[in-house]
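Asks: Copied straight from TrEMBL:
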{"type": "DOMAIN", "residues": "9-107", "note": "domain 'Potassium channel tetramerisation-type BTB'"}
{"type": "DOMAIN", "residues": "169-402", "note": "domain 'Ion transport'"}
{"type": "TRANSMEM", "residues": "166-186", "note": "transmembrane segment"}
{"type": "TRANSMEM", "residues": "206-226", "note": "transmembrane segment"}
{"type": "TRANSMEM", "residues": "263-282", "note": "transmembrane segment"}
{"type": "TRANSMEM", "residues": "303-321", "note": "transmembrane segment"}
{"type": "TRANSMEM", "residues": "341-360", "note": "transmembrane segment"}
{"type": "TRANSMEM", "residues": "372-396", "note": "transmembrane segment"}
Amino acid sequence: MKFGNSICVLNVGGTRYAFTSEVIRDFPLRRVSRLHACATEKEVLELCDDYDRDRNEFFFDRHAQAFVFIMLYVRSGKLRFVPGVCELSFYTEMLYWGLESAHLDSCCQKRLDDRMSDIGMDSLSEGDIVMSGDEPHSPDETVPQTGCAKWLEKVRRTFEEPDSSLAAQILASVSVIFVIVSMVMLCASTLPDWDTAKRKTVEEHRIVEAVCIGWFTAECIVRFLVARDKCDFIRHPLNIIDVIAITPYYVTMAMAGAGMPGAGLGVVGVTLRVLRMMRVFWLMKLARHFLGLQTLGLTLRRCYREMVMLMVFVCVAMAIYSALAQLLEHGLDLGSRNNDYASIPAAAWWVIISMTTVGYGDVYPVTIGGRVLGGMCVVSGIVLLALPITFIYHSFVQCYHELKLRSARYARSLSAEVLR
């Protein structure tokens, strides 16, 4: 092989591309970059179909037009399907060159997921679409990495992607157990008999709480150290909740060590108790491990316009009906005023429980006009709440479908890892 400062020619389906050896070495496509590390012609032929030593030309019997679009991705960072080419055929080319579905633009990724769903996930495995000896690689493996970088990336995937490996699944299971134990302790601490039980087994409770907090602290620190972007990690809502939930424990321990028990500090003690109750948001950590919570979060993120529209509908109707209810029940008949409707904000409570068909019965109209208005309020509430629900429902189904396909791909990768 002629590397050094020589020119290397890639012949893909009859189309030639000339690159310097330095470009080949740092090429974003892993199959191409691996050519630079080959020491013998046998190693080269494991990566390409033929090799011309005289012209230093590497032959790849692949789809030429598909490689044109892959080269556009290398230059511009955007990967889209070739018009008129089957999505699965193009996906085969992507896997051959070391790309994955995550590199596709979102619209094309959805097309691929729909296509894979149409033919059935059980009938399509990576062994069916990847050529013998060619294994798909994750998006982070397309660019060569040093040993330390590979190790950090492996640790990051283990902590951030529970389905990425067997170790990640075990770690996720342990994390879920600690979350459940912490939630049980939090709920039990509000029981009337908790203080008596805690005085009898004070050491056991302290040990359990310290172990849970220690695990969450260690997990948060490790995830921060291996994060690709530390600023994005700090800005992430779940990570902010982690820090807020962990901090009160250490503040309480520091204050106790200084002889300042939190219960007698007035505003400070109340603040610490409020922050301690933030531990309930650790349940959001389960979103990393359960498909249903991930689907809910993704649906809310995609349907925020519909959610805002729903809130606008409700607020406008609530303003109108609460003003009319206050007028009919309290403002007109001076002889028998309904004090439950003494103000528009008080009437707004009746409107919201009526529109949502909850109807606690604590507030209700007594005049004929108020009852007619109540009927209109209930019917209009049903209609207004139903209008955006269709869009939200379809988005939920789509999000669940996408996440289920992604989880299935992770499961196949995990099976391959176990078998190896």
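In case you wondered, yes, glycine gets a Cβ from its N, Cα and C as well.
Curation does not apply to TrEMBL; its annotations are automatic.
What you are looking at is a predicted structure, and each value in this text was computed from that prediction instead of being measured.
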Asks: Look at every Cβ pair spanning the transmembrane segment (303-321) and the transmembrane segment (166-186), keep those 6 or more apart in sequence, and say whether at least 3 of them are under 8 Å.
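Replies: As far as Cβ distances go (cut-off 8 Å, pairs 6 or more apart), the transmembrane segment (303-321) and the transmembrane segment (166-186) do not touch.
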Asks: With pairs restricted to those 6 or more apart in sequence, evaluate whether the transmembrane segment (341-360) and the transmembrane segment (206-226) have 3+ C-beta pairs under 8 Å.
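Replies: Contact criterion not met.
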Asks: Could you tell me what the rest of the chain brings near the transmembrane segment (206-226), counting residues at least six beyond its ends with Cβ under 8 Å?
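Replies: Counting only partners 6 or more residues beyond its ends, the transmembrane segment (206-226) has Cβ contacts under 8 Å with 152-153, 155-156, 159-160, 174-175, 178, 181-182, 185, 233-234, 239, 242-243, 245-246, 249-250, 282.
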Asks: Counting by DSSP secondary structure, give me helix, strand and coil numbers for the domain 'Potassium channel tetramerisation-type BTB' (9-107).
Replies: 47 helix, 19 strand, 33 coil
